[in-house]
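Taken from TrEMBL as is:
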DOMAIN    1-170  domain 'Flavoprotein'
BINDING   Gly9, Ala10, Thr11, Ser35, Ser86, Met87, Lys88, Thr89, Arg121  FMN binding site
BINDING   Tyr151, Arg167  dimethylallyl phosphate binding site
Amino acid sequence: MRIVIGITGATGTVFAIRLLQLLRELNVETHLIMSRWAMATGKYETPLTEPDILSLATHSYAPRDLSAPIASGSFLHDGMMIVPCSMKTLAAVRAGLCDDLISRAADVSLKENRKLLLAVRETPLSDIHLDNMLALRRAGAVIFPPVPAFYTGPKTIEDIVDQSVGRMLDNFGIHTNGFKRWDGFNWKGKKEEQAAAAKREVASASG
């Protein structure tokens, strides 16, 4: 399997890093583009350097290299994810403005009827943002805001990230066991979990 990954400068580089880690563990071939601002955001939000992040991918390309294989529809792949996806990139993809490799690769994915997932990161959303999302959804893209699922009882940031990334991969038919899936209400288990958590808090406060 072969997946194209775009990382923009929106907050949430950790989602892309975890995505690349999981795809590598699953032996999925990845083709990565990091925008200039993605490099800056990644450096600010994580302890990883740009080379560290690029090394997680099978192949990586300069953000302005429109001669890259993934800029052509003749390059076969199984879909593309832009994680996170800034509103600037969203607008560029909606308009067909292929002025960098991320927007060009996304445009190619749409025209070739390949899966395109956009992990949009912005709040609140303006009319323009929503209109762009609707247009791209109608064009076949998956609009995927990485919204936390609190029914899983996340205890760490990693738990939240793993759940969102796992759901992204579901859209590509790639299923992992790295996150908790909804299985109906389990009141007995929930009460036991809450009681244990309360005991830990009491012990911590008294200690």
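The backbone N, Cα and C atoms fix where each Cβ goes, and this holds for glycine too.
The structure, with features from TrEMBL marked on it.
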{"residue": "Gly9", "record": "FMN binding site", "DSSP class": "coil"}
{"residue": "Ser86", "record": "FMN binding site", "DSSP class": "coil"}
{"residue": "Arg121", "record": "FMN binding site", "DSSP class": "coil"}
{"residue": "Tyr151", "record": "dimethylallyl phosphate binding site", "DSSP class": "helix"}
{"residue": "Arg167", "record": "dimethylallyl phosphate binding site", "DSSP class": "helix"}
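In sequence order, Ser35, Arg36, Trp37, Ala38, Ala40, Thr41, Ser86 constitute the residues six or more apart from Gly9 (FMN binding site) in its chain with CB-CB distances below 8 Å. Cα distances from Arg167 (dimethylallyl phosphate binding site) to the binding-site residues Thr11, Lys88, Arg121 are smallest for Arg121. The FMN site is set by Gly9, Ala10, Thr11, Ser35, Ser86, Met87, Lys88, Thr89, Arg121; from the centre of their CB atoms, other residues of the chain with a CB within 8 Å are Thr8, Trp37, Ala38, Pro84, Cys85, Leu90, Glu122. Those residues noted as binding FMN (Gly9, Ala10, Thr11, Ser35, Ser86, Met87, Lys88, Thr89, Arg121) have their most widely separated CA atoms at a distance of 15 Å. Of all the binding-site residues listed here (Thr11, Ser86), it is Thr11 whose C-beta has the fewest other C-beta atoms within 10 angstroms. Every protein chain considered, the tally of other Cβ atoms within 10 Å of the Cβ of Tyr151 (dimethylallyl phosphate binding site) stands at 13.
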